[in-house]
């Protein structure tokens, strides 16, 4: 079992992506021996000092001997400050944390990504025993070159949709409906903003598809201690998305999600 102790790691590289809203952060290899796609880490740069006490939860995009890769979106003071990290800077990190996406070796799998929700599917594609069975659909509002797609070169199909207007949103939902219907006998996995996940859930239920979603709830501790990331399950109970999630089967969540 992986020991989820705090590690001190150094930054290897930080690469700004097109548009400046997202960046790739590469850290030293933390030695995770059993991480699974869909899990996340809590990261806190030493440079935060006493100004910002809480770590930030970030999905693992990829992790191997070449380093731990995180795809980060500027969403507030913390991730903005992290964008200033330079090679050699030190960060505190603990993980891997949370649940992971299911792998079906036999049936086709549809990967549905909303924007930066594509990140955990990098590792999923790399580790899948039959990547030719994977179909990725990425919906994005930033230019496509803000989303490196090289990690998906070996999968069955990659499809993208650039949403610029509300009319585009309607067209995207129609496309999602069509794609989910085509995978009703397989597996549907989704990661992205909550409205996107609610749409995917509705379509999966409509077409009888097995579906997992990765929630983007805010977290403070990442280990189930602070109760800041709770979500209602199907029975109406409050459960922590950092320990019971972030990946859930949709039938285990309340309608509110």
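Cβ atoms are placed via backbone N, Cα and C, with glycine included.
Annotation comment: TrEMBL describes 56, 57, 58, 59, 78, 79 as FAD binding site. Residues within less than 8 Å, Cβ to Cβ, of residue 59 (FAD binding site) and separated from it by at least 6 positions along the same chain comprise 38, 39, 40, 70, 71, 119, 120, 191, 214, 246.
Under the heading [2Fe-2S] cluster binding site, TrEMBL lists 221, 226, 229, 242. Cβ contacts within 10 Å of residue 229 ([2Fe-2S] cluster binding site), excluding its own Cβ and spanning all protein chains shown: 23.
Annotated domain 'FAD-binding FR-type' per TrEMBL: 1-103, in sequence order. For the domain 'FAD-binding FR-type' (1-103), the model's average pLDDT works out to 92.
Cα proximity to residue 242 ([2Fe-2S] cluster binding site) (within 10 Å) is found for the following binding-site residues from 56, 57, 58, 78, 79: 57. When the neighbouring Cβ atoms lying within 10 Å are counted for each of the binding-site residues (58, 221, 226, 242), the highest count belongs to 242. For the binding-site residues 221, 226, 229, a Cα to Cα distance of within 10 angstroms from residue 57 (FAD binding site) holds for 221. Applying an 8 A CB threshold to same-chain residues 6+ apart, the list for residue 78 (FAD binding site) reads 48, 52, 54, 56.
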